[in-house]
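K.L.:
Residues annotated as active site, charge relay system in TrEMBL: A:K78, A:S158. The active site, acyl-ester intermediate annotation in TrEMBL covers A:S182. The feature domain 'Amidase' is assigned by TrEMBL to A:25-475.
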Amino acid sequence: MSDLNKLGLAEARDALRKGDTTSVELTEACLKAIDAADALNAFVHKTPDIAMERAKAADDRIKAGDAPSMCGLPIGIKDLFCTKGVPSQAASKILEGFKPEYESTVSQKLADAGSVMLGKLNMDEFAMGSSNETSVYGNAVSPWRRGNDEAQLTPGGSSGGSASAVAADLCLAATGTDTGGSIRQPAAFTGTVGIKPTYGRCSRWGIVAFASSLDQAGPMTKSVRDAAIMLEAMCGHDPKDSTSAELAVPDFEAMLTGDIRGKKIGIPKEYRMDGMPEEISKLWADGAEMLKAAGAEIVDISLPHTKYALPAYYVIAPAEASSNLARYDGVRYGRRAALEAGDGITEMYEKTRAEGFGHEVQRRVMVGTYVLSAGFYDAYYNRARRVRTLIKKDFEDAFAAGVDAILTPATPSAAFGLGEMTEADPVQMYLNDVFTVTVNLAGLPGVAVPAGLDSQGLPLGLQLIGKPWEEGDLLNTAYALENAAGFVAKPQQWW
Amino acid sequence: MSIDQSTAAKVAKLARIKVEDDALPALADEFNNILGFIEQLNEVDVEGVEPMTSVTPQRLKRRVDEVTDGNQQDKVLANAPDAREGFFAVPKVVE
């Protein structure tokens, strides 16, 4: 078989079980593709030795007839996941040299399912960003280009390295994490599939924390079927995360029938933003038509507090971040700033954090500190948490009225150029998350599905939002949309 | 609500991030920009609405208060920038 790295998880799994290829061959093909793709800056710590060791072990298990669900499948891991003995820096200078003595629950589950780790993937620093431009490793680059224009485009963020690597066929799939859209926005920008499950589905243990009440891990893959396979391997109850749900994990792949007859799909009018590009509104309307043609009923719904989701998020997420990032003190792990004679412990903290955190992270930590400070806690933080209750209630009302899933655009535009937003104020960059952030605030599952190309040949995605714990049903609707949209475009190799 | 330079300096101090004096005006501007965006929340009627603590209604689980782990001093210290004689080392804190 040729071009093994271009396979998806399901195809590769089936080929392995039939004996058409081996995990060692698959892994070698990916490692070769990775080494030829340094221009994308997607893999920032390569782990070929671990990969080959796991691939050989997987081949032995397959031969012995003892192959778990992802046996022998090579994947990439976002740098936010702690991986034992392998640098895990959250793309930050402050974690330079950090090699965890333990493995995150999600990456351990993926290893237990037989998957092969190829290395660690680029991202925005501490997952704070929408373009992968805040990384200490430098920008991750999208494999996509605007026609023949050589301008480098963003793969999105924060899971930019994951999106770039999957779209460029450097790995079969990758892990991502999503606090405000960090799986779904990069998936939409790169023509890949990304699902953020219900809050509590995946254990957060061992994942570097950004905003604990919003963070969730999820898969980034080449198809909806692959997302179902990988999500199942990632999720499940974990006693080490007190917010992890004690619920059985269904066989998500078995739920992909493509039959969505009689399902009610809501179209929220508040997502029709002023100045929405024509291409995005057409894509959205086309998506609704496709679901209707597949037998679903399309209904107009209202989610009245949508407008307040982004400002509420930019109180809650920085507040939680300022608390979570207080642990980076230059004492227990990572990097400590060089001190001058006479410097005390306060200077050590202040210099370490000034040197170790990038600009965007510093800004969010300080905004969080401010909204939590005496005198402002009620006016900002508590008010935002009240608005969050209302945002969640909007969705509950829609679901109570019989809606099974909600269809929206995934992003307000196609991918933009790296550097194009440098001069914009931070709020402009935050607007990237306008369609995705509501889902984190409400704790719901959301999936981005590639649905078309814009006039410049760049991928555009649609988002489906589901009911809590109903990822299986949501993935089935996504599967029907994927079938109808028939998105097959791939970036032309220039790297 | 507008943030001046002295408030920006105070926030930086609380966050334990060193900010040079000449960077304070730009920092104050950034705060004001972001807080201006957040001010929209004042339009929402939140009378009688409970602030959300957990997105899924669940009671945090309890476990027996017992030692389940330990004897990992080397691992705990393995990533410290400065560890000596089995301890984390920091600059003198006596004032």
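Just so it is clear, glycine is given a Cβ too, placed from its N, Cα and C backbone atoms.
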K.L.:
How big is the Cα-to-Cα gap, in Å, between A:S182 (active site, acyl-ester intermediate) and A:S158 (active site, charge relay system)?
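P.N.:
A Cα-Cα distance of 5 Å.
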K.L.:
Using DSSP and three states only, what is A:K78 (active site, charge relay system)?
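P.N.:
Reduced to three states, the DSSP call for A:K78 (active site, charge relay system) is strand.
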K.L.:
Cα of A:S158 (active site, charge relay system) to Cα of A:K78 (active site, charge relay system): how many Å, rounded?
P.N.:
10
K.L.:
For A:K78 (active site, charge relay system), list the number of other Cβ atoms lying within 10 Å of its Cβ atom.
P.N.:
31
